[in-house]
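Trainee: Annotation comment: TrEMBL describes D34 as active site, proton acceptor. Annotation comment: TrEMBL describes D174 as active site, proton donor. What TrEMBL lists as substrate binding site is S7, H65, G141, F142, G143, G144, D174, G175, G176, G196, S197. TrEMBL lists H32, D34, H65, D174 with the feature divalent metal cation binding site.
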Amino acid sequence: MIKIAPSILAADFSKLGEEVLEVEKAGADWIHVDVMDGHFVPNISFGPIVLNAIRPLTKLPMDVHLMIENPDQYIEEFAKAGADFITVHVEACPHLHRTIQLIRSLGVKPGVVLNPHTPIETIQHVLEDIDLVLFMTVNPGFGGQKFIHSVVPKVKQLSDIIKEKGLSVEIEIDGGINEETIGACAEAGATVFVAGSAIYSKKDRTQALQAIRKAGEEAIS
Ligand SMILES: O=C(CO)[C@@H](O)[C@H](O)COP(=O)(O)O
Ligand SMILES: [Fe+2]
């Protein structure tokens, strides 16, 4: 039911390959890849070359979160580098439907991301065209920030709409997810949870990941 996607942004980049393998061993369902350009968000992370390097190490789906301006320009490169999901920010896409079609045409599953203050009405017209909606529960740009609780009612609203329409769209939550915060999001209908610092800051990644998963599962059982 619940999928956990560790964010490699919080990994030790000097041994990134080992860090990916370690969360795979710990039971990760997806690997979350945060791409930041220093324009859309005030931080720079890495580009497709890093995805290309880690792609052969695991069969886990690569969940590529593009926090960049003009994502259309780079989507093909990320597809070639091995992305399974590419999510783009609605705030960065003036031609959102076109961007979604581009991702799909490259054989990659498209998703859209909403910043904490962005209303769900901005994506209602593309719900039938996407596989994933990602709700930011921090302002994007950095790991290790505090979870913004006011996003949770939006998650519930969208989850109800998706159910009413009978769509199979996953709801993913990103930012400040840990044992304490996952429950409310799972109850609201989210199914995929990004966790960066809550996993990579811990010595025992298996224990950390499984504790988050357990808290999420308990909330919906
Ligand atoms: O996209 C982002 C931040 O912009 C996230 O994916 C973070 O990397 C999550 O880190 P934690 O909040 O779990 O530490
Ligand atoms: Fe992210």
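Every residue gets a Cβ built from N, Cα and C, even glycine.
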Trainee: Just to be sure I understand: of H32, H65, D174, which recorded positions have a C-alpha no more than 10 angstroms from the C-alpha of G141 (substrate binding site)?
Mentor: none
Trainee: Just the recorded positions from D34, H65, G141, D174, S197 whose C-beta lies under 6 Å from any atom of ligand 2, please, or none if there are none.
Mentor: D34, H65, D174
Trainee: What are the non-local neighbours of S197 (substrate binding site), defined as same-chain residues 6+ apart in sequence with CB under 8 A from its CB?
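Mentor: Listed in sequence order, they are A10, G143, G144.
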Trainee: For G141 (substrate binding site), list the number of other Cβ atoms lying within 10 Å of its Cβ atom.
Mentor: 17
Trainee: What is the set of residues, excluding H32, D34, H65, D174, whose C-beta falls within 8 angstroms of the centroid of the C-beta atoms at the divalent metal cation site?
Mentor: A5, S7, L9, V33, D63, T87, L134, V194, G196
Trainee: Cα-Cα, whole number of Å: D174 (active site, proton donor) versus D34 (active site, proton acceptor)?
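Mentor: Rounded to a whole number, the Cα-Cα distance is 10 Å.
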Trainee: So if I draw a 10 Å sphere around the Cβ of G143 (substrate binding site), how many other Cβ atoms end up inside it?
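Mentor: The Cβ of G143 (substrate binding site) has 22 Cβ neighbours within 10 Å.
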Trainee: At its widest, how many Å does the recorded substrate site span between Cα atoms of S7, H65, G141, F142, G143, G144, D174, G175, G176, G196, S197?
Mentor: 16
Trainee: Please give me the CB contact count at 10 A for H32 (divalent metal cation binding site), counting all chains in the structure.
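Mentor: Other Cβ atoms within 10 Å of H32 (divalent metal cation binding site): 28.
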Trainee: What is the total of other Cβ atoms whose distance to the Cβ of D174 (active site, proton donor) is within 10 Å?
Mentor: 24
Trainee: Using Cα coordinates, what distance in whole Å links G176 (substrate binding site) and H65 (divalent metal cation binding site)?
Mentor: 16
